[in-house]
Each structure stands twice: as structure tokens, then as C-alpha cells.
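Feature annotations, reproduced from Swiss-Prot:
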TOPO_DOM  1-22  topological domain 'Cytoplasmic'
MOD_RES   SER10  phosphoserine
TRANSMEM  23-44  transmembrane segment
TOPO_DOM  45-752  topological domain 'Extracellular'
CARBOHYD  ASN78  N-linked glycosylation site
CARBOHYD  ASN123  N-linked glycosylation site
CARBOHYD  ASN155  N-linked glycosylation site
REGION    276-589  region 'NAALADase'
CARBOHYD  ASN338  N-linked glycosylation site
BINDING   HIS379, ASP389, ASP455  Zn(2+) 1 binding site
BINDING   ASP389, GLU427, HIS555  Zn(2+) 2 binding site
ACT_SITE  GLU426  active site, nucleophile
CARBOHYD  ASN461  N-linked glycosylation site
CARBOHYD  ASN478  N-linked glycosylation site
CARBOHYD  ASN615  N-linked glycosylation site
ACT_SITE  SER630  active site, charge relay system
CARBOHYD  ASN640  N-linked glycosylation site
ACT_SITE  ASP668  active site, charge relay system
ACT_SITE  HIS691  active site, charge relay system
CARBOHYD  ASN722  N-linked glycosylation site
Amino acid sequence: MWNALQDRDSAEVLGHRQRWLRVGTLVLALTGTFLIGFLFGWFIKPSNEATGNVSHSGMKKEFLHELKAENIKKFLYNFTRTPHLAGTQNNFELAKQIHDQWKEFGLDLVELSHYDVLLSYPNKTHPNYISIINEDGNEIFKTSLSEQPPPGYENISDVVPPYSAFSPQGTPEGDLVYVNYARTEDFFKLEREMKISCSGKIVIARYGKVFRGNMVKNAQLAGAKGMILYSDPADYFVPAVKSYPDGWNLPGGGVQRGNVLNLNGAGDPLTPGYPANEHAYRHELTNAVGLPSIPVHPIGYDDAQKLLEHMGGPAPPDSSWKGGLKVPYNVGPGFAGNFSTQKVKMHIHSYTKVTRIYNVIGTLKGALEPDRYVILGGHRDAWVFGGIDPQSGAAVVHEIVRSFGTLKKKGRRPRRTILFASWDAEEFGLLGSTEWAEEHSRLLQERGVAYINADSSIEGNYTLRVDCTPLMYSLVYNLTKELQSPDEGFEGKSLYDSWKEKSPSPEFIGMPRISKLGSGNDFEVFFQRLGIASGRARYTKNWKTNKVSSYPLYHSVYETYELVVKFYDPTFKYHLTVAQVRGAMVFELANSIVLPFDCQSYAVALKKYADTIYNISMKHPQEMKAYMISFDSLFSAVNNFTDVASKFNQRLQELDKSNPILLRIMNDQLMYLERAFIDPLGLPGRPFYRHIIYAPSSHNKYAGESFPGIYDALFDISSKVNASKAWNEVKRQISIATFTVQAAAETLREVA
């Protein structure tokens with residue numbers, strides 16, 4: 001079990017500290033008047049131990065210079081030789097390899113942290129597929145059972161066939177209904193405007209726009225008895241680019257795997273809220289959290305063509321329902337003309353199993369503030385080879401660990417403790433990170449400074465993409481001004497310059513875009529449940545010209561090392577840039593005397609979010625007046641927060657940094673600010689999402705929503721049966737948000 005207080009290698013780590021403690025004990029025994037002097041010496045004078053007589057900027061320069069593109073390339077190659085599905089021997093072997101290498105790199109402590117969680121696998125003897133059957137029940141078409149292997153991988157075993165993880169077993173048959181992206185608004189269009197019911201039908205939807213788990217939830221609410229997911233060329237095939245292996249587009253037989261859970265931050269479905277260790281109480285499977293109730297299966301667009309080409313019913317309501325296949329995209333239900341007697345049948349035989357998973361946790365102890373933790377984490381498990389997701393991120397983490405280890409071997413420790421994590425079972429619902437955070441939640445809430453996520457390093461090669469708490473805005477802006485841009489046409493210019501020009505903020509003129517944190521990745525439990533300041537960075541595509549969802553080969557067998565080397569980043573300059581950004585964020589958070597958090601950026605963001613949610617509410621002016629809904633209290637709280645944050649920053653500028661007590665007080669105020677936005681009761685219906693300012697959208701887990709309690713209360717409010725009850729809930733959520741913002745402001749006031 002990971003224990004941050006273990007004393008391995010203590011002679012090296014704490015020798016200097018113990019000498020001062022012995023002196024301090026003697027002094028205290030003589031007189032208490034030397035206590036303050038002792039504390040000053042403890043916090044300030046031993047700084048040479050952390051830096052080896054090298055300045056902060058010099059140490060950072062040395063750290064960044066140590067990061068090498070060729071190492072990241074080598075690590076990526078090594079991590080993508082075989083599949084690393086969670087719960088398999090291959091992934092366990094990779095965990096042990098990373099464990100051993102992190103020890104070689106010089107970390108003080110590296111451990112494997114295991115949990116027994118519910119996972120889902122396809123049945124090897126009864127494969128999953130979809131068929132079209134005639135009136136006699138005979139199959140006249142069936143979908144592919146697997147993808148064609150990419151060149152060079154024909155003899156690789158243990159490639160899991162395409163499936164939707166956690167789908168229940170079942171063989172439903174019936175008429176097909178095309179539901180576009182299966183978003184909430186798509187079902188509203190079908191049911192309210194087109195008067196088409198999905199009850200008792202099998203629905204087919206194209207991937208994109210929203211998280212697949214939300215798609216399945218919407219289908220269940222609409223009464224569907226089964227769901228088919230596919231990747232449409234309009235969303236996963238860029239014009240003028242060839243399909244893999246000749247290009248980076250998705251072949252017709254390529255399929256996106258993925259889980260279809262709706263956990264809402266619960267972690268392991270059998271142990272929601274608590275770590276899935278040997279002592280855990282486990283719910284029966286029938287009471288598990290977040291499992292879908294209808295069979296679900298993914299297919300490629302070649303097979304989707306066969307299912308959609310003879311659809312009957314009305315034409316698509318508008319062009320946004322048409323994809324890139326040569327089919328009419330009729331909605332159904334059922335097939336037309338001579339095919340009207342044919343039905344669709346699903347054959348789903350996947351099973352769930354409690355399986356052991358392994359995180360790798362590495363510790364680099366801080367020299368001066370060992371009880372303050374900065375965490376860098378990314379997952380290791382992959383659906384198949386994981387050339388981009390996750391191993392492009394895992395390779396970067398590996399190189400960052402190596403660089404910090406090199407500095408440590410030279411006697412240059414960080415000021416604060418850095419924890420490095422290789423998470424398992426992220427693809428199955430963020431299970432590895434969530435279970436570990438649940439087990440150590442009290443410690444993390446007390447000592448966690450920040451969490452930096454390190455999943456896929458690239459999803460394109462156009463510009464930087466950052467999602468983070470407003471506390472980190474200034475940190476990210478400042479460090480990107482110090483890094484060189486890898487982009488063509490920006491030689492000699494900073495990363496900030498290219499980022500600002502290619503991805504300008506729609507909210508703040510003259511600044512690069514920074515997005516809100518949603519979910520779908522391992523920062524979720526740290527940010528949404530524990531209130532630890534979080535952020536992530538990667539290189540992305542040009543979203544203005546490249547309209548496809550994510551990158552085309554996402555979660556397919558074709559996501560290989562060769563995909564990255566041939567098409568995305570041949571020189572690994574973008575990987576190196578991402579390593580520099582992630583590494584510099586960790587470095588600054590772990591080494592800055594004053595934590596590099598900016599509470600005034602939070603104040604600006606709160607004002608923007610309050611204005612936005614108010615404008616949404618004013619789409620219903622009559623109801624706002626009738627039910628006496630007012631945002632005055634929220635605006636007042638935001639104004640108070642803004643005033644207090646400004647005064648806090650002024651005190652911070654005047655802070656005597658040689659005073660360890662005052663320094664610790666103000667750093668703690670900064671560290672705990674994110675925690676102040678946490679409501680222990682959570683959001684309505686989503687108790688593990690506890691951040692009142694940010695949460696994943698209820699309608700798309702990938703997207704972040706501000707003031708989510710108010711937003712959800714206002715969503716589709718005109719259709720609520722009990723209008724008075726609905727508007728009272730809006731009033732209640734405004735009250736909760738007001739209290740939370742005001743309470744957060746109180747934490748920034750000068751300590752009496």
C-alpha cells in the first residue's frame with residue numbers, strides 16, 4: 001500500500017533535516033525564545049538542499065533541457081508492442097516494467113497499488129455481432145466479428161474484438177430507428193416534433209458530439225431495447241486523406257471501442273465512493289452503479305451502410321442528420337419496401353468480472369515541504385495498442401520522471417513532494433485513479449496541491465490545447481511564453497504566440513483559449529470530488545477546418561506506433577513540447593516559493609459564468625418574474641469574491657517571503673481555495689460531482705459546465721410538468737451557488 005510517510009532512503013532525504021531537529025530540540029530544551037528562529041532556519045536556510053545551489057530558473061532550465069524527444073519516441077515504441085487491456089497479464093507486466101524503470105530513474109519510492117474492480121470482456125467462444133434476419137428468422141447479413149489487423153501486427157495475439165464494455169447480454173430483435181448522435185436534442189426532435197417513438201425499438205447512432213455513455217442513457221430513457229453505435233465517415237474520415245495504413249483516416253472496418261457506463265464519478269460500480277480493496281463491501285451486480293440496461297454494440301461504417309441503406313420512414317429532419325454514407329439517412333422505424341419484413345437482431349454475450357488492476361505510484365520526496373503533494377498522472381491501459389491513447393501520454397510521463405530523477409541524483413530535490421502515477425483501467429470508467437484517490441482521500445484533501453493529467457499527448461499537430469482551473473491560467477500563460485513553439489511559421493517565437501494566434505480565446509481578447517474541465521479522464525476524482533486544482537495540456541487539431549470528432553482512429557486496432565511516426569509527429573517535436581508544458585507545470589507547482597495560483601483569474605471566470613447562466617435564465621423572463629427568481633445574491637457574492645481576491649493578491653505582493661509562518665498561511669489559502677468550492681452533498685442526482693462551479697455536463701460527460709446545478713435546473717424547464725417545483729429548484733441552486741462563492745471568498749480573507 002502506498003504510504004507517503006515511509007522512511008526508505010531516509011538517510012539521503014532527511015539527513016539535513018534530522019541534524020537541524022536535533023539542534024532544535026536542544027535549543028527548545030534551553031529556552032522557547034529560539035523557536036521562531038528555528039522555524040525560520042527550517043523553512044528558509046535549507047533551500048540549498050532542494051536546489052543544489054542552483055537558482056529556481058536555472059534548475060528549471062536544466063530540467064527542461066534534460067527532456068529528449070528521442071527518449072519519448074523510444075518509450076512510445078516500447079509501450080505499444082502488445083495490447084495492454086486493463087486486467088490482463090500484458091498490462092500487469094507493463095506495470096512491473098514501469099515500476100522497475102522509475103526506481104532506476106531515481107525516485108525515492110515506487111509501489112504497485114492494486115484494486116479488485118468490475119471489468120467487462122467479450123466472450124471468446126460466443127462473439128458479439130449484429131444481424132439482419134428475414135421473416136423466417138434466418139440471417140441474411142451479419143456484421144464483422146473483428147477488424148483486419150494493421151500491417152506488421154498480423155501475428156499479435158490478445159487483440160480484443162470491438163465491443164461496448166459493460167453492455168449487458170441479450171439478443172433483442174426488432175425494427176431499427178436512426179437517432180443521429182443520440183443526443184438529448186436528437187431524441188427531442190424525434191419524439192416531440194416527428195412523433196416517432198423509440199420504445200421497443202433498436203436504435204442506431206453515429207459516434208461523435210457526446211460521450212457514448214450519455215448516448216446509451218438517452219436511448220434507455222427513450223425506451224429502446226438495444227443500441228448500435230458506428231463511426232460515420234462525416235465524423236471520422238477527413239476528405240483528401242487516405243485510410244490507414246496509407247493515411248490517418250478510419251477504414252470502413254475500423255471500430256471504436258469504449259465503455260458505456262454512466263458512473264457520474266462513482267468509481268468501481270460495486271464499491272461506489274469507497275476503495276475496491278480486499279476489505280470492501282461489494283454490491284450485488286443487480287445493484288451496481290452506472291451499468292446500462294440495454295445491449296450495446298459498436299460497428300464500422302461498412303457494416304453500418306448495410307443496416308442503413310434500406311431504412312424506411314421519414315427523411316432526416318435536416319442536413320445535420322445526414323452523414324457521409326451513400327444512404328438516405330431515413331429515420332425509420334424499420335426497413336422500406338421489399339425489405340419491410342426484415343428485422344435487426346443483436347447478439348451480445350459479453351460478461352463482467354471482478355478483476356485485479358494495478359496502479360504504479362512513484363514518490364519524489366520534497367526537501368522543504370514534504371507534506372505538500374503535486375501529482376502527475378496518466379493511464380497505461382489501452383483498448384489495443386494505444387499509439388495515441390494513452391501511450392503517447394505515458395511515454396511523456398516516463399520522460400518527465402526520468403528528468404526529475406536525473407536532477408535528484410545531482411542532489412536537486414523539489415521543494416514539495418511530487419507523486420507520479422501510471423493509472424490502470426481508465427478506459428473502464430477511470431477506475432484506477434478513482435479507487436486510489438478514494439483510498440487516500442483524507443490525505444489528499446489535506447495535502448494535495450495540484451493534479452496534472454497526462455493522457456494522450458497529441459490528438460493532432462496544429463496547436464496547444466489546455467483545460468484547467470482558473471487558478472492555473474497565469475501559470476500556463478507564463479510558462480508557454482518561455483517555451484519555443486514547434487509550429488511551422490513560428491520559428492523563434494514562443495509557444496504562447498502560436499497558441500494565441502491559432503486558438504484565440506472567445507471570452508478574453510488577446511489571450512489563448514483555455515477550456516473548462518469536464519470529465520472522461522483521470523483528473524475527475526481529484527477535481528470534481530476532492531477539489532484539488534487540476535489541469536491538462538496536449539497538442540490538438542485545427543477544429544475550424546478539421547470537423548471530425550477526435551482523431552479518426554480513436555480506440556481502434558489501427559492506433560499504432562506507426563500512426564504517430566508516419567502521420568502525426570515524425571520528429572516527436574510536439575510530444576516534446578507537451579512534455580515541456582506538463583513538466584514545467586509540475587516543476588513550478590513543486591518548486592515555487594509562493595504557489596503559482598492566481599485567485600483573481602478565478603474571480604474573472606466567476607463573473608463570466610454568472611453572466612452566462614443569468615442570460616440563459618432570461619430566456620424565460622415571464623417565469624423569472626412570476627416565480628420571483630433573482631440572481632442578485634449570486635452577483636453580490638461574485639463581487640465580494642472579486643474584492644477579496646484583489647486584496648489577497650495585494651497582500652501576496654507585499655508578503656515577506658522570509659517569514660515561513662506567513663508564507664505557509666498564504667500558500668495554504670491558495671491551495672485550499674479549490675476545496676472551498678466543494679459541496680459535500682454533491683449535485684442533484686450526482687453525489688460524487690461536488691464542485692459547485694464546474695461539473696461534467698449532464699448531457700455530455702466530456703464537456704465541462706459552469707454553475708452546473710443552476711444549469712441543470714434550467715435545462716428544458718419549459719417542458720416540466722410541475723413548473724412551480726422546477727422553478728423552486730432553480731431558486732435553490734442559486735442559493736447553493738451564492739453560499740459557496742461567498743464561503744470561498746471568506747477563505748481568502750486576511751487571517752486574524
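Cβ atoms are placed via backbone N, Cα and C, with glycine included.
In the shown protein chains, 27 other C-beta atoms lie within 10 A of the C-beta of GLU426 (active site, nucleophile). Least packed by the Cβ count within 10 Å, out of the recorded positions ASP389, GLU427, ASP455, ASP668, is ASP668. The glycosylation sites listed here (ASN78, ASN155, ASN461, ASN615, ASN640) include no residue with a Cα within 10 A of the Cα of HIS379 (Zn(2+) 1 binding site).
Counting every protein chain shown, the Cβ of SER630 (active site, charge relay system) has 13 other Cβ atoms within 10 Å. According to its DSSP assignment, the residue listed as 'active site, nucleophile' is helical. In this structure, the CA atom of ASN461 (N-linked glycosylation site) is 31 Å away from the CA atom of ASN155 (N-linked glycosylation site). Cβ neighbour count for ASN78 (N-linked glycosylation site) (all protein chains, 10 Å cutoff from its Cβ): 16. Using CA atoms as reference points, the binding-site residues ASP389, ASP455, HIS555 were checked against ASN615 (N-linked glycosylation site), and the closest is ASP455. Around the Cβ of ASN123 (N-linked glycosylation site), a 10 Å sphere holds 13 further Cβ atoms from the protein chains shown. Look at ASP668 (active site, charge relay system): DSSP puts it in a helix. Here the Cβ of ASN615 (N-linked glycosylation site) has 9 other Cβ atoms within 10 Å, regardless of which shown protein chain they belong to. The predicted model assigns the topological domain 'Extracellular' (45-752) a mean pLDDT of 97. It is 10 Å from the Cα atom of GLU427 (Zn(2+) 2 binding site) to that of ASP389 (Zn(2+) 1 binding site).
Between the C-alpha atoms of ASN722 (N-linked glycosylation site) and SER630 (active site, charge relay system), the distance comes to 20 Å. Within 8 Å of the Cβ centroid of the Zn(2+) 2 site, not counting the listed residues ASP389, GLU427, HIS555, the chain contributes ARG257, GLY258, ALA382, TRP383, GLY386, PRO390, TYR554, GLU559.
It is ASN155, among the glycosylation sites ASN155, ASN461, ASN478, ASN640, ASN722, whose Cβ has the fewest other Cβ atoms within 10 Å in the structure shown.
Listed in sequence order, PHE527, GLN528, ARG529, GLY531, PHE677, ILE678, ASP679 are the same-chain residues at least 6 apart in sequence whose CB falls under 8 Å from the CB of HIS691 (active site, charge relay system).
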